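A.B. asks: Below are the structure tokens for one structure; questions will follow.
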Amino acid sequence: MRILGIDPGLQTTGFGVIDVDGHRLAYVASGTIRTTGIALGDLPGRLKLLFDGISEVASRYQPDTSAVEIVFVNVNPQSTLLLGQARGAALTALVNAGLPVAEYTALQMKKAMTGHGRAAKSQIQEMVRRLLQLPGLPGTDAADALGLAITHAHAGAAMSKMAEVTQLQRRQHAVYKGGRVY
């Protein structure tokens with residue numbers, strides 16, 4: 001399975017693509033989409049650049065699913081609104097590409113990657129480097145995106161296991177209650 005992770009931002013959006021085969025993780029690609037070349041006041045232009053960039057990444061790497069960071073509420077409401085709009089452009093591009101979208105908070109990703117939710121960016125970079133056996137540290141935005149993809153790979157495996165257990169429990173319950181297996 002191929003997973004595309006997205007760390008949305010209005011100036012810099014990180015992306016990371018990994019392949020998952022059972023418990024094996026393999027690095028495919030990562031990078032950033034920068035909107036700094038567009039004037040700060042041209043919000044629609046920046047959002048279009050993000051949409052087009054994520055659409056291009058999805059088209060090039062053909063992921064099966066995606067994972068996106070959930071926006072946190074910032075002290076500055078204007079910053080939160082702008083980040084939310086960037087996230088909206090990312091979500092729209094992913095859905096437009098026909099991808100399922102899973103959402104994780106930064107805290108969930110950090111906890112999944114390092115064991116605690118208050119990890120520094122450098123710790124995320126190092127764990128991504130180790131888990132994907134990269135020769136060097138990825139940039140912070142790309143590392144966060146790869147971390148989201150890895151988090152989704154682990155969460156997806158856990159969710160599949162839970163679904164199997166739930167199905168087994170339903171079957172046992174059906175046998176016990178009704179005498180039949182459905």
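One is the number of the first residue shown, and numbering goes on along the chain from there.
Just so you know, glycine gets a Cβ as well, placed from its N, Cα and C.
According to Swiss-Prot, the record shows the following:
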type     : residues     : note
BINDING  : ASP7, ASP141 : Mg(2+) 1 binding site
ACT_SITE : ASP7         : active site
BINDING  : GLU69        : Mg(2+) 2 binding site
ACT_SITE : GLU69        : active site
ACT_SITE : ASP141       : active site
A.B. asks: List the Cα distance (Å, whole number) between ASP141 (Mg(2+) 1 binding site) and GLU69 (Mg(2+) 2 binding site).
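C.D. replies: Cα-Cα distance, ASP141 (Mg(2+) 1 binding site) to GLU69 (Mg(2+) 2 binding site): 11 Å.
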A.B. asks: Rounded to a whole number, how many Å is the Cα of the residue listed as 'Mg(2+) 2 binding site' away from the Cα of ASP7 (Mg(2+) 1 binding site)?
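C.D. replies: Here the two Cα atoms are 6 Å apart.
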A.B. asks: Under 8 Å Cβ to Cβ from ASP7 (Mg(2+) 1 binding site), same chain, six or more residues apart: give me those in sequence order, or none if nothing qualifies.
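C.D. replies: Expected: THR13, GLY14, PHE15, GLU69, ASP141, ALA142, ASP144, ALA145, LEU148.
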A.B. asks: Using DSSP and collapsing to three states, where does ASP141 (Mg(2+) 1 binding site) fall: helix, strand or coil?
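C.D. replies: Its secondary structure by DSSP: helix.
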